[in-house]
């Protein structure tokens with residue numbers, strides 16, 4: 001089906017419409033063999049809060065951007081090569097439902113669909129596109145992925161020292177290796193993450209971690225359960241924590257996924 005649509009007039013027209021919606025600030029999307037598989041609105045778990053974003057699935061890339069005028073204008077275009085993507089389903093937690101993780105070596109984040117059917121369609125089509133790409137190229141799936149950032153709202157105190165309270169003056173910082181929210185003194189050590197940047201000063205390295213198993217309670221009130229389920233994983237001999245999204249704002253409705 002994809003091969004049949006690759007050189008069709010309808011596919012070329014659809015991609016051109018997407019290009020025009022992003023305007024001059026967006027990257028050109030029309031190349032030989034590229035097919036627009038589907039599109040829709042998903043709720044992306046951003047650093048501050050969940051936000052609606054327009055997503056476009058092509059047979060080789062995933063594109064998303066901010067919604068300025070629905071169906072007419074988008075900005076802040078992001079392009080993710082699908083050959084670097086892996087996805088994992090997320091359990092429903094409170095108001096955030098029908099979600100999954102989109103993981104790449106440079107950036108990872110959670111998105112949520114309006115219904116379980118839409119989630120299934122998105123995940124199935126993404127997985128098929130990735131499988132087809134890797135099969136044609138002979139490459140293997142990426143084993144290294146950037147951490148999913150814990151949202152600012154989920155940490156009122158530093159997740160490393162558990163002492164420093166965050167205020168307008170004492171700002172939050174994110175470790176690019178594990179995604180935790182930490183204070184300034186706990187984010188002073190830095191090292192190069194080649195998959196994310198060539199500038200070591202841009203990325204935080206918070207090692208070694210304290211010798212305790214993280215309980216998932218990182219709010220100021222120790223009796224209030226965290227909205228994140230925290231686990232540990234081993235990365236090159238270091239103890240690195242990762243997080244999976246939990247409760248948050250109500251998921252916004254999404255377009256149907258056209259294929």
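Heads up, the Cβ atoms here are built off N, Cα and C, so glycines get one too.
The domain 'PH' feature in TrEMBL is assigned to 35-131. Residue counts for the domain 'PH' (35-131) under DSSP, helix first, then strand, then coil, are 19 helix, 54 strand, 24 coil.
Mean pLDDT for the domain 'FYVE-type' (152-195) in the predicted structure: 80. If you look up TrEMBL, you'll see 152-195 marked as domain 'FYVE-type'.
Annotation comment: TrEMBL describes 238-259 as region 'Disordered'.
Marked as compositional bias 'Polar residues' by TrEMBL: 244-259.
Mapped onto DSSP classes, the domain 'FYVE-type' (152-195) shows 6 helix, 7 strand, 31 coil.
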